Amino acid sequence: MLLSFIHNELLKVWKSIVFWVVAIVFIAMPLLIGLFKEPGVSWDMYYTDIFDSIASLLVVGFSFTSAWVFGREYTDKTIKDLIVKPIPKSYSVLSKFIVITIWNILIALFTFALITIAGSFIGVNGSSGSSILQFFGTFMLTSVLIMAVSSTSALIANITKGYLAPIGLIFVIIIASNAVVQLGLGPYFPWTIPVLLTKGVDIGFISYSILVLTAIVGFAGTVAWWRFAEHK
């Protein structure tokens with residue numbers, strides 16, 4: 001049964017114009033960011049310099065996908081149909097999170113490929129294949145951590161019954177993140193912790209605990225909200 005739920009959610013995303021708009025944005029932005037970097041530097045310098053901008057882009061992108069997949073059920077007025085059906089609501093929530101994860105992983109892989117292509121185009125050189133693989137590993141770990149904290153956008157989308165509020169909030173968070181980092185509180189703010197990781201900052205147990213707790217609040221809160229809505 002869960003597979004059929006996942007299949008339906010995948011079709012919703014695939015057939016939506018939003019999927020293609022997101023695809024265009026994540027083709028254009030990484031290429032533009034990469035192509036405007038200083039040419040002739042090493043891959044180490046290139047990736048270190050570009051990851052900060054890309055991480056912020058992923059925070060916005062992943063928060064959007066999480067908010068939209070859940071929020072569209074309210075804006076399209078299909079939430080009532082899902083709630084009244086005699087099916088486990090946990091299946092609906094889990095299938096949505098699985099599809100969001102698949103979508104975000106594809107975005108991350110595609111983004112890394114594009115910034116690497118852009119780097120090759122402007123003449124970046126001087127690193128071994130193992131070094132590039134190491135940066136790829138750091139990039140994907142950062143992406144996974146951003147996905148985790150983005151579960152809060154799904155919760156906010158359900159609470160506010162739409163996707164505009166969480167999208168607006170994430171832009172406020174991006175702006176506030178700069179002040180948080182300047183105050184030295186970056187390792188304790190969920191949305192700046194992954195970005196610090198891309199800069200090579202050694203984040204400790206407390207930072208990872210904050211990320212895990214934030215992810216649990218987003219996921220468990222969303223599941224609880226759907227169960228509450230079932231009895232509403």
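Glycine is no exception: its Cβ is also placed from the backbone N, Cα and C atoms.
In TrEMBL, annotation is done automatically, which means it is predicted and not curated.
The transmembrane segment annotation in TrEMBL covers 12-33 (among others). Residues of the same chain lying 6 or more positions beyond the ends of the transmembrane segment (12-33) and with a Cβ under 8 Å from any Cβ of it are 50, 53-54, 57, 61, 64-65, 68-69, 72, 99, 103, 107, 110-111, 114-115, 117-118.
Taken from TrEMBL, the feature transmembrane segment applies to 53-71 (among others). For the transmembrane segment (53-71), the list of distant contacts is 9, 12-13, 18, 22, 25-26, 29-30, 33, 96, 99-100, 103-104, 107-108, 111, 115, 139, 142-143, 146-147, 150-151, 153-154, 156-158, 160-164, 166-167, 170-171, 173-174, 177, 191, 194-195, 198, 222: same-chain residues at least six beyond its ends, Cβ to Cβ under 8 Å.
Same-chain neighbours of the transmembrane segment (97-123): 6, 9-10, 13, 19, 22, 26-27, 30-31, 33-35, 37, 39-40, 43, 46-47, 50, 54, 57-58, 61-62, 65-66, 69, 132, 136, 139-140, 143, 147, 150-151, 154, 219, 222, counting only residues six or more beyond its ends whose CB sits under 8 Å from a CB of the stretch. Annotated transmembrane segment per TrEMBL: 97-123 (among others), in sequence order.
As annotated by TrEMBL, transmembrane segment applies to 135-156 (among others).
If you look up TrEMBL, you'll see 163-185 (among others) marked as transmembrane segment. Note on the transmembrane segment (163-185): residues 56, 59-60, 63-64, 66-68, 70-72, 75, 152-154, 156-157, 191-192, 195-196 of its chain, located 6 or more positions outside it, place their CB under 8 angstroms from a CB of the stretch.
Look at TrEMBL and you will find 205-226 (among others) tagged as transmembrane segment.
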